[in-house]
Amino acid sequence: MEQLKVVLGKRSYPINIGSSIIQEDNIFWPLNPGNQAMLITNKTLANLFKDKVFFHLRKSGIKIDQVILSDGEQFKTLNEMEVIISALLEKKHSRDTTLIALGGGVIGDLTGFSASIYQRGVRFIQIPTTLLSQVDASVGGKTGVNHLLGKNMVGSFWQPSSVIIDINFLKTLPYNELVSGMAEVIKYAVIFDANFFEWLEENIENLLLLNDELMSYCIKKCCELKAQIIALDERENNFRALLNFGHTYGHAIEAHAGYGSWLHGEAISVGMVMASRTSELIGCLKKTDYKRILSLLKKAGLPVKGPKNMSAASYLPYMMRDKKVISGEMRLVLPISIGKAKIYSGIDKNIILSAIKDSQ
């Protein structure tokens, strides 16, 4: 097992990465024997993993209850959060309880947001089971739910007490979910690390075959990059916003199509293509780098074209509701080369529309 740390003073926490680590002693730190906890998962994962996780929690002496939610992005809502809060109250969980998120990004977001507001804040532990949540969503403290008018519009920053990344969970992950997670992996490489991008160009096929050694390295690399950013800019006041590369366009696709119609990583893949094309059109990104980004996304099996039934103009209202908008001005994360990105504002909307049209 390898351990990284997100350094945030008294709120620092470990990220544990390895194979079959869910059964290791003290893996559920900061929980101690006799502590109360609530496991939150969905119906699919409950059938696959709940008994195993329950066994190890009870073996550790934890008093554990459960909430089993519906499965899918369309259920990342305030209504599902109310299910969690009601269960906590009915089971008489106090302020020293710990919520445990067993699942992907949806479960992690719902659990984290619930933890942030239940009795004004309780601890929670992330046990991410998808590649997307292992490399991105479980680390950093962003929690929230969707609104009809936009993705993740209601939420809070609430850091977990620990993150437990067991790569064995990926062996039961549907292949399209694995591919979806690769979008966030590629994101890190494009905006932060040219060497990692080259490594992905060489190893993406074997990663998709779930080579343990390669996957452990890949997850660790992504978590290291994100942990460094979180330590410097926890509340996204500055360059943490770079992590939203592709998300302004991608969230528009998700909202327009209906949450759950496109997997998050699929929408972000197309969003990264659109952002890269925008950067090329304004003279920042070289055509060769644009083609390399496009090629790697294709190699990973990710979509590079937006939905045919969504016009370029229909992206703009969603993009203007993006959380990076300041004083009515759209701000976009654009790559300027492989391994570097910047935040741009004031880009001509006709250029943005052209980039979208070129990616349809």
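Glycine is no exception: its Cβ is also placed from the backbone N, Cα and C atoms.
Site annotation (Swiss-Prot, ligand Zn(2+)) includes HIS247, HIS264; from GLU82, GLU90, GLU184, GLU329, the additional listed residue is GLU184. Highest Cβ count within 10 Å among the binding-site residues ASP71, GLU184: GLU184.
Here GLY105 (NAD(+) binding site) is compared against the binding-site residues GLU184, HIS247, HIS264, and the shortest C-alpha distance is to HIS264. Taking the Cβ of HIS264 (Zn(2+) binding site) as reference, residues of its chain lying under 8 Å away and at least six apart in sequence are, in sequence order, GLU73, GLY105, LEU132, SER180, ALA183, GLY250, GLU254. Annotation for the binding-site residues GLY105, GLY108: lowest Cβ count within 10 Å of the residue's own Cβ, GLY105.
In the three-state DSSP scheme, ASP71 (NAD(+) binding site) is classed as coil. Non-local neighbourhood of THR130 (NAD(+) binding site): GLY103, GLY104, GLY105, PHE169, LEU170, LEU173, GLU177, SER180, GLY181, each in the same chain, at least six residues away, with C-beta under 8 Å from its C-beta.
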